[in-house]
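Taken from TrEMBL as is:
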TRANSMEM  7-28  transmembrane segment
TRANSMEM  40-59  transmembrane segment
TRANSMEM  71-92  transmembrane segment
TRANSMEM  98-120  transmembrane segment
TRANSMEM  132-152  transmembrane segment
TRANSMEM  232-250  transmembrane segment
TRANSMEM  257-274  transmembrane segment
TRANSMEM  286-305  transmembrane segment
TRANSMEM  317-338  transmembrane segment
TRANSMEM  344-365  transmembrane segment
TRANSMEM  377-396  transmembrane segment
Amino acid sequence: MIKGKDLYEVVAAIVPLYVALFLAYGSVRWWKIFTPEQCSGINRFVSVFAVPFLFFHFISNNNPYTMNFRFLAADSLQKVLILVALVLWNTFTKWGSINLTITLFSLSTLPNTLIMGVPLLKAMYGDFTTTLMIQIVVFQIVIWFTLLLFMFEYRGAKLLISEQFPETAGAIASLRVDSSVSSLNGREPLHADAEIGENGELHVVVRSMSRSMSINKPSAFNKSYSTPIPSSLQNAVMINLILTMVWRNLIRNPNTYASILGLIWSLIFFRWNIKMPSIIKGSIEIISNTGLGIVMFSLGLFMALQPKIITCGKTLTLLALALKFLVGPFIILATSKIVGMHGILLRVTIVQAALPQGIVPFVFAREYNLHADILSTTVIFGMVVVLPVTIIYYVILGL
């Protein structure tokens, strides 16, 4: 039975995070302390330094040799089932689309595990949950965020090819992306130069508009060919393009390096008990210790900079919140039962799935201009309602 003291400890662990969030909100909306340009600088510090150091701190202190594979299996199975259902819906119904598939997958499977999950679950169920949350974070970074990035770049590649080569996409034999192009998110204007091969094949080079050659070859874009390239080769070209862009995004992301280095160090430390030099450890901790607070502060700045909290309409907001706080937890309840989980571990799994929307999917949605209003509203509203929602789950599961 849940006691009043237990609820107080949960509230006491979460309220300090909200203090940082609302201080930031008030600093912009009411007290006019920060300008939008200054907010941008703070957010840049968070993305480049605070979050990567926080990732490294948690991952490097997590023992990778004691992974709870049943817990990870339940979480992974939930994501796989939802993704398969969305792909089938996209493939066999007229209502499905790659856009909705990406957004619905983000809403229902990718919670804010590190920032909200670690303190919240620790207050509810104890210190052992921190290790479980870090394991989820590692899987999110290595597998699920990479998969999400793959889907965004796949969408970007299809849009690029359909716009640049509306009638001759089947004739593309090779497609190379200039090193100046960092993403197919549509934010930077791109130009495709095409050369026609001996058999009517197209060899395409995609460049940033600022560096593209001023060569106009309209015939290469619109000419019909009697010997189209087999679809298998076209698929290979598409996959090569997407993998190239995903790789470029990953190597430009400081979280990638922080996660890999953190995992490598944890493998070394927990295997051979080699301690990190105190100078390096202290340098990392002095920044990582500010991580949770400054990330919440950054979220408050983001909320304050929005013209209104609900930017996608009340109906879409309710649907998004239902996906976030009902569909995800109920599906993970089913997958947890499939893998044989019960007791406190089952409760932790369900509450973890009911955490608010993750920040990374929103960042991707904003960068690729895909339903960013829905993700923005879910992030903001999720931060507001997460405490009562998770406490309701906590009380119900404790009965």
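Backbone N, Cα and C atoms are what each Cβ position is placed from, and that goes for glycine too.
What you are looking at is a predicted structure, and each value in this text was computed from that prediction instead of being measured.
The transmembrane segment (132-152) makes contact with the transmembrane segment (344-365), as judged by at least three Cβ pairs under 8 Å among residues 6 or more apart in sequence. In this chain, the transmembrane segment (257-274) lies close to the transmembrane segment (40-59): three or more C-beta pairs between them fall below 8 angstroms, excluding pairs fewer than 6 positions apart. Against the transmembrane segment (286-305), stretch 40-59 has more CB pairs under 8 A than any other of 40-59, 71-92, 98-120.
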